[in-house]
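Trainee: So TrEMBL has the following annotated:
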DOMAIN    23-288  domain 'NADH:quinone oxidoreductase/Mrp antiporter transmembrane'
DOMAIN    290-343  domain 'NADH dehydrogenase subunit 2 C-terminal'
TRANSMEM  12-38  transmembrane segment
TRANSMEM  59-80  transmembrane segment
TRANSMEM  92-115  transmembrane segment
TRANSMEM  152-171  transmembrane segment
TRANSMEM  178-197  transmembrane segment
TRANSMEM  203-222  transmembrane segment
TRANSMEM  234-254  transmembrane segment
TRANSMEM  274-294  transmembrane segment
TRANSMEM  323-343  transmembrane segment
Amino acid sequence: MSPYAMSMLMSSLAMGTIITLSSSHWFLAWMGLEINTLAIIPLMTKMHHPRATESATKYFLTQATASALLLFSAAMNAWMTGEWTIVNMNSYIPTTILTIALAIKLGIAPFHPWLPDVLQGLDMMTCLILSTWQKLAPMALLILTSPQLNTSLLTLMALASAIIGGWGALNQTQMRKIMAYSSIAHLGWMTLVISFAPGLALLNLTIYLMMTSSMFVMLMALNATNMNKLSISWLKTPTLAASMMTGLLSLGGLPPLSGFLPKWLILQEMTKHHLGALSAVMALSALLSLFFYLRLSYMISMTSPPNISNANLAWRKKNNLSLISPILIVLSTMLMPITPMLLM
């Protein structure tokens, strides 16, 4: 793709998200989401492969449906209340339609099936954008409207997302599908706490963005698209393989890594609201996710490939990591010491 076209598309992506984040009017927020959707579709189809075209078509149809529902809920709310402001959503039917629209946008269960299929047909850089940057605008709208949304519906969707996100990745071997189910599970944790403590949902989103970005950056450096390629990565880049193992355990929420921090604080917040049974189910669903992260860590660190080189030094891949990669890796694994500051 031409650098000029790429810069224009990336600028449109940034502009769409910024318009949505800075808007207080539903029409402006919808316009920002539409700019976002239209800007990423050419990035999806730049590979000129049938799978990429299929992914772009599925993404366009789901996002168009979600945008139509969002505009319909905003128009219905304006008809009932006479206002187009985002924070004034007091009627039951518009808030329910809005919740469904944002769930489709984000890929929250039970509206998740498009996400693994779409990611599987894209290259790693587009997967990174779709899993991180594209979550910002819908999640901002969800946080803004969280006091007016139906808490029971959000809790049910969060529980389904955490269970499906853990269960769906158990039999996957493709890294992009595994990262998609990981995204669904993390979105479940954010949706669970968003009605009780929106600040905790924002913290979880920030840590999720750092962990997912570092994981995709490492996957791009290793050129690993499935589990078999991961098993030979330690021969070529041992340091990166060790970093990826730590990052995977952090995604699984294993203490004392960064991924444990939001789960711990969310479970603490749930028990404060006397939701012990719900907290127990969420903690058990986190064990499902931890299992496939541990399986990937085992593949990277303890599995020997069938044909090890007889040479004393295995061929090493040229290090093509950018300067931001070590920063992302450190942030995605070593944020636990700031917990007392967050609790204050």
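Each Cβ is built from the backbone N, Cα and C atoms, and glycine gets one as well.
TrEMBL annotations: computationally assigned, not manually curated.
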Trainee: Cβ pairs under 8 Å with the transmembrane segment (59-80): which stretch of 12-38, 152-171, 203-222, 234-254, 323-343 has the most?
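Mentor: Selected stretch: 12-38, with the most Cβ pairs under 8 Å.
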Trainee: So, does the transmembrane segment (203-222) come close enough to the transmembrane segment (274-294) to give 3+ Cβ pairs below 8 Å, pairs being at least 6 apart in sequence?
Mentor: no
Trainee: Verify whether three or more Cβ pairs under 8 angstroms connect the transmembrane segment (12-38) with the transmembrane segment (323-343), leaving out any pair fewer than 6 apart in sequence.
Mentor: no
